[in-house]
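As written in TrEMBL, here are the features:
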COMPBIAS  A:350-359  compositional bias 'Pro residues'
REGION    A:340-359  region 'Disordered'
TRANSMEM  A:81-102  transmembrane segment
TRANSMEM  A:122-143  transmembrane segment
TRANSMEM  A:150-169  transmembrane segment
TRANSMEM  A:175-193  transmembrane segment
TRANSMEM  A:205-229  transmembrane segment
TRANSMEM  A:241-264  transmembrane segment
TRANSMEM  A:276-295  transmembrane segment
TRANSMEM  A:307-326  transmembrane segment
Amino acid sequence: MSLLEDRYRRVLRLLPASYRAEREEEMVCAFMEGSAGLTDADDPRPRWPEIASVAALSLRVRLGGAGAAPRFLAWGRAVRLAAVLGLLFHATMSCAWFLEAVRGSLSTGRPAVPGEVWSEQWLSGTAQILGYLLWIAVFGTLVRGHPRTAKILALLALVSFYGPLAQDGPGTGDAVVYGLLFAVPVLALVAGFHRDAPPPRRSRWTAALPVLAGVPLHVLLSALGSLGMSRTVDWHLWSWLWPWLSSSGTACLAFLVASAICLGRRPRAPGGRDPALPLALAVLSVPVILARVAFLTVDAVDPATRVMAAVNIGQLVAVLLCGLVLTRVAARALPAPPMPPALPAQPRVPDVPPSSPSG
Amino acid sequence: MTEPAFLVLTALVDAPRHGYGIVQEVEKLSDGRVELKIGTLYGVLDRLAADELVVLDREEAQQGRLRRYYRLTESGARALEAEAARLAENVRSARERLRLRHAGGVA
């Protein structure tokens, strides 16, 4: 075996074993025919575009659409569901924050974006407002069956989030970890909704969910905010409540509620062994945990801060436990990996001369 | 239908071809513009085979390596014809509008 073939076969290990058993030999044949003339002395390697094409193929096979092996189909559905749920959360929160920006502007008579036009403060505020609208648009376009548009909008929304952070330079590690809360659903969107995946086609009502949920959420958060600003504040109560009201705290709450519903209805559900939802939630538990870790406080000095730190740790433990239980439930429900053919594919006819017709 | 899928189907119109044969033919059909990577080619073939637009024709050994030849099915030929007609109509519309523009009929 030549050095190049050996290296290409290593690249092909990115593909699932069952797919390799079916395709590896002909892929190697096609690749090597296209690389004729190279010898080991040239220290040849598969070029990056070739490696990228195999990586993309691997992703499409592993996160399969209709017609894929049951295990890959389950993974594909789970990743796509993780994208939809994660983006629904961001769109809902964005709707609530956008309404807050509008309400603040209307009640104070000041522009929603502070600072002089084109100043750093103005640019950052504009990016934030634009980001809110983008997240809402991402969810809407995705569930209405336009995943390609959703991907472009999602990448723009991520830029609007990470752009200001990149300008801040070092010391933004926590913010970057917190940003995974946004990045993971976008990654799931990009990876899961590939060409072979069926685009979701939901009703306009589903697309409007962020607004339908975001308006009452905004009312609730505004009411809580007003209570928090009152002269007589019950710090004992607020130290318990406050850790649930930030974006990551709300994500934590939403995750725990979704997990409780998922685990609670599984024994009764007719398709109770469908691994997609528990697997999707298990995937989403990772950014939720990391986002809460970014807010962990170790130097709490007063009783209120100590309570908040304790609630934060409690949230982390709860999400971690839920994530582990969901992973176990999903692992038990996942179909077995597809079995490679009993014998590797072998040519059925004898060798033909190199000058074969057609091709 | 994506451009690589269209070109792969076109490459299989006159004869069954194996993987590298398809890559070569697609490059020729597109005047060197489309260079299919092997991972991309097999992603396209998987999709076309799942839609029953191409099927495995035969297998051969070529200097100890496996060559699988794929051929266009009847439904593949119909799908290609429909796509070609659609593209031709688009080209016709574009040419017509450009002709009018050059003639000063459309600003």
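Cβ coordinates are placed from backbone N, Cα and C, and glycine is handled just like the others.
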With Cβ-Cβ distances below 8 Å as the criterion, list the same-chain residues six or more beyond the ends of the transmembrane segment (A:122-143) that contact it, or say none. 83-84, 87-88, 90-91, 93-95, 97-98, 101, 112-116, 149-150, 153-154, 156-157, 160-161, 163-164, 189, 193, 200, 202, 206-211
Quick test of the contact rule: Cβ under 8 Å, at least six residues beyond the ends. What residues does that give for the transmembrane segment (A:241-264)? 85, 89, 93, 178, 181, 221, 224, 277-278, 281, 284-285, 287-288, 291-292, 294-295, 308, 311-312, 315, 318-319, 322, 325-326, 329
Under 8 Å Cβ-Cβ from the transmembrane segment (A:276-295), and at least six residues away from its ends along the same chain, one finds 74-75, 77-79, 81-82, 85-86, 174-175, 177-178, 180-181, 183-185, 188, 243, 246-249, 251-252, 255, 258-259, 262-263, 266, 312, 315-316, 319-320, 322-323, 326-327, 329-330, 333-334
What residues elsewhere in the chain lie close to the transmembrane segment (A:175-193), defined as a C-beta under 8 angstroms and at least 6 residues from its ends? 59, 63, 76, 79-80, 82-83, 85-87, 89-90, 138, 142, 147, 150-151, 154-155, 157-158, 161-162, 165, 168, 199, 247-248, 251, 283-284, 286-288, 290-291, 293-295
